[in-house]
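Features of the protein shown, as given by Swiss-Prot:
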type: BINDING; residues: 71-76, 105-109, 129-130, Lys142, Lys151; note: NAD(+) binding site
type: BINDING; residues: Glu184, His246, His263; note: Zn(2+) binding site
Amino acid sequence: MKIRIDIPHHPYDIQIEKGCMAQAGQWLRELWQPQKVVIVTDNHVASLYAEKVKLSLEDAGFQVAVFDFLEGEERKNLTTVQKVYEFLVKQGLTRSDGIVALGGGVVGDLAGFVASTYMRGIHFVQIPTSLTAQVDSSIGGKTGVNTPFAKNMVGTFAQPDGVLIDPLVLETLGKRELIEGMGEVIKYGLIEDPELWALLTGLNGSVESILEHAETLIEHSCQVKRKMVVEDELDNGIRLYLNFGHTIGHAIEATAGYGKVMHGEAVAMGMVQISKIAEEKGLMPAGITQSITEMCQKFGLPVDYENWEVDKLYQALTHDKKARGNTLKLVLVPELGSATIHPVSLEEMKDYLVK
């Protein structure tokens, strides 16, 4: 299946197909003329797929080198970026060459940032290998790295030339790594897609059920992401809806220490906490917090952060990228399949941190 991201200045396709990673070279040849390519990945993904993708690209006429770094959110920083820059220089990459981001969200965010800043921007594509990356982070052009102050604090908007999604690679994920991706899938059902929510309701929550329906879950999620990105590429309007659960979720990730709590886990806890307080304030319908909680728990996602410290979380929130002056644009769900923006002051945000 192809989904067109029809952004006027940089349209591209998302290709979703079981087994398509084996044809990565042919796919890329249709996008780029054979040239130098660097595959950026982490050491875990490299051990599974780097050689397979490298050979496919070489068969298509590309000159390929591989850069891998130690896996983990804690490696998504400017130190790693500098190492990639140095590798690109040693390989002689020019502005006519490109990067293949092969991995999960950490790899995609970091490789995209490198591509958008090296020589003021070179071509790149995404081949996401985690559920979170396949349904969310590989699509839409947000790139970035973490700082000690906040998640993704340094970054750019830079669209890839294409996204290649192979649902079969999810079978090599560990249980926790697969389940955390469901945090984003559940979010899509809540903010925009009641049909997706109904599908999730019908699943039993097992790993087997996720893998069996992976292609459909990915397609639904990508369609929602497509709509938001095409209408609001630079995150000034409806694309903000994608941040449901992320305001508190990012604060949890930052205070826990990057890599301790996985992104989808933090999003799940953020959605539950925001909904609980918003429901108490009459801003979200009665019972929706219970529905979100039960859905997250069914798939094995955490709904409560055990190291909850209001002062630390609040401090992290003050660095949130969605803040405008003293105001945060909080995303709420007034009804299933619909989202809205609710501006709150940073002071009011303390209410949403009360357990």
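For all residues, glycine too, the Cβ spot is worked out from N, Cα and C.
Known features from Swiss-Prot, placed on the structure.
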residue : record              : DSSP (3 states)
Glu71   : NAD(+) binding site : coil
Gly105  : NAD(+) binding site : helix
Ser130  : NAD(+) binding site : coil
Lys151  : NAD(+) binding site : coil
Glu184  : Zn(2+) binding site : helix
His246  : Zn(2+) binding site : helix
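Cα-Cα distance from Glu73 (NAD(+) binding site) to His246 (Zn(2+) binding site): 16 Å (rounded to the nearest whole number).
Neighbours of the Zn(2+) site: apart from Glu184, His246, His263, residues of the same chain with C-beta atoms within 8 angstroms of the site's C-beta centroid are Thr132, Asp136, Gly183, Lys187, Gly245, Gly249, Gly264, Ala266, Val267. The binding-site residues recorded for this entry are Glu71, Arg75, Asp109, Ser130, Lys151, and the Cα of Lys151 lies nearest to that of His246 (Zn(2+) binding site). Annotation for Glu71 (NAD(+) binding site): spatial neighbours Asp42, Asn43, His44, Val45, Val106, criterion Cβ-Cβ under 8 Å with sequence separation of six or more.
Listed in sequence order, Glu73, Gly105, Thr132, Glu180, Gly183, Gly249, Glu253 are the same-chain residues at least 6 apart in sequence whose CB falls under 8 Å from the CB of His263 (Zn(2+) binding site).
Within the same chain, residues at least six positions away from Arg75 (NAD(+) binding site) with a Cβ under 8 Å of its Cβ are Asp42, Phe69, Val106, Leu110.
Put simply, Glu184 (Zn(2+) binding site) is 12 Å from Ser130 (NAD(+) binding site) when counted between their Cα atoms. Put simply, Glu184 (Zn(2+) binding site) is 16 Å from Asp109 (NAD(+) binding site) when counted between their Cα atoms.
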